[in-house]
Structure formats: C-alpha cells, structure tokens
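Here is the structure we will look at, set down as structure tokens.
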C-alpha cells in the first residue's frame, strides 16, 4: 500500500520531468518570459493608476496606516481593492493559460509558436476575463463569512483591553482567539482548495473545447469529481513543494556566500563580485525553479485533460510549422552561450555591487532617539526610562501623550493600564488624581514599583536643554483638545525649539501644522498608499522594513527627514545608518551610540558586510553588542 502511494506520487513527477527533456522547455520559457514582461508592462501602470485613483478619491496626497484601513473598509476602498485583486488574478490566469497553449500543442504532436500562442489567448480573452471574475467572486463569497467570524472573535475576546496587553501578557482569551482563528483559517483553506480542485479543467475547456466561462466552470466541476485526489496531489506538489525545494536549493548557496564574506573583508572588488554573484544565483535558482514547477503543473494539467478524451479541440499549432515537417525552432541557448551569458551577468552584478559600495554613507550624521525613553533599561514612558535616556546622551526622547478624563496631558502608550499596571482603567476614564496610585513599573522589574504615569510637563522639565522631546499624539477616539493642550504646555515651558510632534493621524499632524506652522511635525507610518514623501511634513517616522534607500533619497529631495523605528539590533542600527536615515528610534540609545562609535573604525567593505549580512543569514562580527 505504501509503495503504491509513493508510486502514485513519483510517477507523475517522473513522466512530467521526462517530457521537459529534449528541449521542450524552450518554447515554454519564451512564453513565460514574455508573459512576465507583458504583465510588468501592463500591471505596473494599471496598479499605479488604481492606487492614485484611490488616493485622489480620499482627498489626500497619500494614505498611511489608519487612513488605509478606514478607506479600504469604505465602499470606495472595497471596490478599489476588488479591482486590484481582479486585475492581479486575471493576469495570473492569463499567464497560466498562455503556458497551457504550447504544452497542449507539443503533446498533440505540434509546436506552438509565440504568434499562435498569442492568437489563442487573445481569441479567448473575453472568456478568460469572465472566468477570472467568476473565480474571484467565488473566492470572495467564501472568504467574507470566515473574515466575519475572525472579526467577531476579535471583538468578543480581544476588545476588552488594549491589544498590547494581549500581545504582552497572553491571557487565556488570547490563546482561545488564536485557536479559533487557526481553525477558521484551516477550514477556509480546505474549502478554497476544494473549489480550486473543481476548477482544474476550466482553463483547458475554455482554450481548447470552445466552452464559455460559465460552461467551463460547470463542466470542470463534473469532470473533476472522480479525480479529486490526483488533482489535489498536483496542486499540493506545486503549491507546497516549490517553496520547500527552493529553500533546500538556496540554503547551501546562502551558507557558502555567508562563509566567504568575512574571508574577503580586505578585498573589496572580490567581495563585491561574490556578493553580486550570490544574489544573482539566488534569484536565478528561484526563477528557474518557479518556471519548472509551473511548467510541470501545466504539463500534468493538459495530460489529465487529454486523458478525458472529450473529442475535437481547437488547433493551436502554427500551420506554417506543420508544413515544414514539425521542425524544431530552438531558442539559441546552447551550453557555451549559457556559460558566457552567465559569466557576463555575474561580472555585471559584481560591478553594480562595487558601485553600490560607494553609496554607503561613510560619514554618520544621524540622531539617536530613545523610544519611550530607554525602554530596555526601565519601564517605558516612565520618568526612570526618560532619565536613563537623557543620561545616555540621547539627542531626542520619544514619548506618547494622551488626555485623561479631566483634561490632563499624560505620557502613556496604551489605551488602558491592563498591560503595564494590571488595571483595566482606560486613560479617557482616568482622572489625574488616580494615576499616582497605579504602579506601572513592577511589570518590568519590582525595583521600579514606585514608577507611575508622568505628565507631559514633568518630562519636558526633565529633558530641558539636555535632550529634545519627540511627542507622539495618541488617539483612541476619545481625545478632546489634545493638540492645543500639548501646544499650551510646551509654550508655558518655553521649549518650542526643543520639541517635535508626530502622529499616526495625518489630519492631526495637519492640525498642529495649522496651529503652529513653525513647529517641526511628522507622520508616523508603517505602510502607505501613494507618494508619502509629497505630504506636508518635516519628517517621516517609518518602520525600518519600509525604509528603502530609494524612499530615503526621494524624501531627502523633498526636504523631508527620515526617522526609522524600532531599531535595537546592532546590524539594523548600522544598516539604517548606511542607508542615510536622519534618526534612529531605538529602545537602547546607549547601544546605538556604541554602534555609531564602532562604525567610525569600519572600512567600506566591513560596512558592506553589515548591509548584506542578513541576506545570507550571517551576522558580521565587525560590531558586537
């Protein structure tokens, strides 16, 4: 029984691989490359048009974080999201359909040219579009109830307190919510797989059996009934086997390049060549594996379709090629040419990497911003953490501010005290006289049991003439006059030139800008739609994963500084500094200063190693914690 099961898995793979031999992959590669290029040429401007339309519809130049979520949940945002999804799904279906055409031609004794493939796909374009629309609607109708269940689970189990409490403390309801979400996602996956299996023959029926999208969908469901296990095996090998095999193939290469990096620390040109070659081979392996896996799936799809013996199908073989006696039209990719091209590309990659070295900042001009104070040394947003940050020499101290029920501006991050004070009291329900009785330090360490929620005024007085104060305005839907009250306190302390203000809410940032045009204001963002560097801000606070070199350079051209958060690892600190950010928001300011001091002793090759170490899974020893 076990051998028969293994044979059922091995035999289709073996037959498909044998089919790929003998040059049959060449026309498929040509089609695949053209599809990728065409998709990029069409999808990029269309996606950009949809995104720009979304942003224009919102009345802003860019959307960030909370604005994105709010807009996508609106009717206009939902329509835009569905349009973008339909566009991506349509091109994915068309790309796979284009691959099925030459596979079918080869299996039936011919050889489809690019012209014949294009003609067949264009002839079926209306049906292919309608088919992709049906697929998307079906998936969406399946997804929505499951999304509603997950949303209801969140509301029932995780909305009682601030989400940071659940993430930090992980109470029983947190694990219950995870378990429910896990079961829901598994059920969703099973149903989506079942639907995908039932549509397995829809594309061949549209392409080769004259059927409309509606007919193909219904007919495919009937044809797949007795073959669900075989179809599931094909899809599973493609969907799960491809990434696993890709990981197994690239892991040795990543290890080898990672091993070479420190060996070539004093030979910059060779180091650049090795890194460039490693990156190129990594990408090439992933591309080839993806192409081969998709081609094998297409072969098996057509093979099983032809086994159904449905009768007459549309010809897809070039008539001129048939008259020529099925002569092979080979793409000139001989072994020697492949070797020469490979060497040229590796050399080009090395040159580009060598030039990249020159873009790495050699003079570090970056601010160290203590995130909620030195929050690795003391409990966040407490006087102890602020004091530690000031003593470490932080250029700026970042804090979160909110309003209490009686209008006092206090320094606090969460919406309630559940995580840091084991108290469900919310900030907007708390009165200032209650705060001294809530211990917000013991959760971090018992030695900080005396720490309570400080006021903005207390923090300003502590930081005066020592460290600037970066004030983040926090909103949970209960604010009253937060912006004006912050401005009043800062001006009462005469510290206008020692503060900056930022928020996740762009309207709030605009309000501060309107009230005090001379103040330095910024937008805090994790993700964005549109050109975020076109906003009327002085700086952007970005998640470090979003802070690419291109985005940083574009912001600088527009006169906008870039602060990145939250960077605590020495490698990340060095990497962000090399990219040219203006500020490092970190929980460990002392460590950041140590890294910056050590960077003064590093040569360009060592800085390059730090920039690329994470790609190949190796930590450089050039900087120690």
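Positions of Cβ are set from backbone N, Cα and C atoms, glycine also.
Taken verbatim from TrEMBL:
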- 366-596: domain 'GP-PDE' (DOMAIN)
- 80-106: transmembrane segment (TRANSMEM)
- 139-157: transmembrane segment (TRANSMEM)
- 177-209: transmembrane segment (TRANSMEM)
- 230-251: transmembrane segment (TRANSMEM)
- 271-298: transmembrane segment (TRANSMEM)
- 337-357: transmembrane segment (TRANSMEM)
Chain residues in Cβ proximity to the transmembrane segment (177-209) (below 8 Å; excluding those fewer than six residues from its ends, i.e. six or more beyond): 93, 96-97, 100-101, 104, 120-121, 124, 127-128, 131, 135, 138-139, 142-143, 146, 149-150, 153-154, 157-158, 166, 215-217, 219-221, 223-224, 227-228, 231-232, 234-235, 301-302, 304-305, 308, 310, 313-314, 316
Region pair the transmembrane segment (271-298) / the transmembrane segment (80-106), three or more CB pairs under 8 Å: yes
Stretch-averaged pLDDT - the domain 'GP-PDE' (366-596): 92
